[in-house]
Amino acid sequence: MAKHLFTSESVSEGHPDKIADQISDAVLDAILEQDPKARVACETYVKTGMVLVGGEITTSAWVDIEEITRNTVREIGYVHSDMGFDANSCAVLSAIGKQSPDINQGVDRADPLEQGAGDQGLMFGYATNETDVLMPAPITYAHRLVQRQAEVRKNGTLPWLRPDAKSQVTFQYDDGKIVGIDAVVLSTQHSEEIDQKSLQEAVMEEIIKPILPAEWLTSATTFFINPTGRFVIGGPMGDCGLTGRKIIVDTYGGMARHGGGAFSGKDPSKVDRSAAYAARYVAKNIVAAGLADRCEIQVSYAIGVAEPTSIMVETFGTEKVPSEQLTLLVREFFDLRPYGLIQMLDLLHPIYKETAAYGHFGREHFPWEKTDKAQLLRDAAGLK
């Protein structure tokens with residue numbers, strides 16, 4: 001493989017689309033806490049001074065949509081009208097109905113293991129050994145930059161920062177291996193009083209340098225810090241936000257394929273979400289077992305049918321055992337039926353709001369990040 005560049009981006013928790021994702025998942029968590037069998041498809045729209053929460057929810061639980069919304073916006077940091085969005089005064093509108101009975105009859109079963117998929121679709125999972133969390137480096141470090149932005153904003157290190165921010169990192173590869181970072185973009189919302197020179201110096205010293213490994217930065221690395229020169233108007237005042245519009249940020253930063261389905265606001269019966277988590281779990285365990293350096297899993301479903309319609313394993317020529325054997329191992333050690341994967345990953349808990357910013361993958365405390373099957377796979381493959 002020749003030398004090449006690869007770029008991924010991330011956005012902060014204060015980005016309008018991420019506000020929407022977090023509200024949708026906060027509603028989901030509140031419902032699952034009371035009713036683990038609830039059916040939830042919650043969508044959120046945010047714009048200056050307003051939040052609209054809609055979707056289809058079937059549950060025995062009662063939750064206060066307005067309170068959940070305000071608390072979520074408050075935690076993100078939009079608490080003053082001079083930011084163009086204020087948790088205390090924004091309008092909160094609700095337009096929620098029930099899940100179609102036509103879908104229910106295809107999902108619910110007397111035998112839970114025969115629970116059908118909530119929709120047709122295809123999902124991908126991916127892992128690579130180029131980082132400690134078995135994720136692609138570009139998206140991993142893009143996430144870490146905006147996480148650091150939120151950290152120094154909230155702890156008062158840089159009090160003039162505001163919640164909306166974006167990052168982008170371009171890595172240099174040579175024969176598939178990282179050799180450096182070519183370019184870094186970081187744009188952060190800020191208050192009026194900070195001048196651009198001071199902002200750029202502070203962002204470099206407090207955000208970029210503590211996060212990006214020095215050995216990957218060279219005199220040729222280009223830094224773009226607030227390249228428009230001003231970013232005071234941001235958040236929902238700058239752009240409207242919608243649930244499910246950051247699906248590449250949520251996954252692998254473009255390094256792997258994507259089936260098209262968003263995650264946030266969906267309960268685990270929706271395979272768009274749960275099967276994508278399971279596919280990551282499978283791919284990560286294959287790489288952790290040393291059966292491949294890179295692994296991409298595709299799984300697909302028909303609505304109302306329990307068994308996947310297909311399972312594909314792609315290892316990009318890095319496999320240590322034949323690909324056909326890998327597929328057999330996946331079928332043997334992982335139950336990818338909707339109920340099976342819910343049980344395998346213990347998904348019927350309020351764990352989703354935290355996934356809604358800084359990526360659904362690569363953070364070790366999520367259950368789909370476990371590598372508990374790596375040794376089983378290695379032994380079954382006959383590797384010493």
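One-based numbering along the chain as shown.
Glycine is no exception: its Cβ is also placed from the backbone N, Cα and C atoms.
Within the same chain, residues at least 6 positions away in sequence whose Cβ sits under 8 Å from that of ASP239 (ATP binding site) are PRO16. Among the features that Swiss-Prot reports, ATP binding site is placed at HIS15, ASP164, ALA165, LYS166, ARG230, PHE231, ASP239, ARG245, LYS246, ALA262, LYS266.
Cβ-based neighbour count (10 Å, all protein chains) for ASP17 (Mg(2+) binding site) stands at 23. In this structure, ASP17 (Mg(2+) binding site) is part of a helix by DSSP. If you look up Swiss-Prot, you'll see ASP17 marked as Mg(2+) binding site, on the strength of sequence analysis.
The K(+) binding site annotation in Swiss-Prot covers GLU43, and the record cites sequence analysis as its basis. Under 8 Å, Cβ to Cβ, and six or more positions away along its own chain, GLU43 (K(+) binding site) finds ALA20, SER24, VAL53, GLY54, GLY55, LEU242, THR243, GLY244, GLY265.
The L-methionine binding site feature in Swiss-Prot is assigned to GLU56, GLN99, ASP239, LYS270; the stated evidence is sequence analysis. For LYS270 (L-methionine binding site), the same-chain residues 6+ apart in sequence whose C-beta sits under 8 angstroms from its C-beta are ALA41, GLY118, ASP119, GLY261. Mapped onto three states, the DSSP output places LYS270 (L-methionine binding site) in coil.
The region 'Flexible loop' annotation in Swiss-Prot covers 99-109.
The binding-site residues considered are HIS15, ARG230, LYS246; of these, ARG230 has the fewest other C-beta atoms within 10 angstroms of its C-beta. Between the C-alpha atoms of ARG230 (ATP binding site) and ASP17 (Mg(2+) binding site), the distance comes to 21 Å. LYS266 (ATP binding site) sits 16 Å from ASP17 (Mg(2+) binding site), counting Cα to Cα.
Of all Cβ atoms in the protein chains displayed, 15 besides its own lie within 10 Å of the Cβ of GLU56 (L-methionine binding site). Cα of GLU56 (L-methionine binding site) to Cα of ASP17 (Mg(2+) binding site): a span of 20 Å.
Among HIS15, ASP164, ALA165, LYS166, ARG230, PHE231, ASP239, ARG245, LYS246, ALA262, LYS266, the residues given in the record as binding ATP, the maximal Cα to Cα distance rounds to 36 Å. Less than 8 angstroms from the CB of ALA165 (ATP binding site) sit VAL11, SER12, GLY14, HIS15, VAL146, GLN149, ALA150, LEU186, SER187, THR188, GLN189, each of them six or more residues away in the same chain.
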